[in-house]
Ligand code: SF4
């Protein structure tokens, strides 16, 4: 049961996710398409930090999460690995 409670708490941010009110095309744009609109929405989202932490912890490879694109999250991961 503790695991379920932790999982539910860890996903609380999804209840206030602004992206749930838009179409997925903003957050999973075609390669080479702009991520600007998604990032603007993330900037106003209460769950932004938790969302980014979730994406990093679960190695989400596609789309915009917590205001960062795939490449930006990869850069962040690389920097964290380098710093140990
Ligand atoms: S930070 Fe962005 S991707 Fe994450 S829940 Fe909010 S709107 Fe969605």
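From the backbone N, Cα and C atoms, a Cβ is placed for every residue, glycine too.
Per TrEMBL, the feature [4Fe-4S] cluster binding site maps to 19, 42, 45, 51. In sequence order, 16, 17, 18, 19, 51, 67 constitute the residues six or more apart from residue 45 ([4Fe-4S] cluster binding site) in its chain with CB-CB distances below 8 Å.
The feature domain '4Fe-4S Wbl-type' is assigned by TrEMBL to 18-75.
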Chain-mates of 19, 42, 45, 51 with C-beta within 8 Å of site centroid, [4Fe-4S] cluster: 17, 18, 38, 41, 47, 48, 64, 65, 66, 67
Counts of helix, strand and coil residues, the domain '4Fe-4S Wbl-type' (18-75), according to DSSP: 28 helix, 2 strand, 28 coil
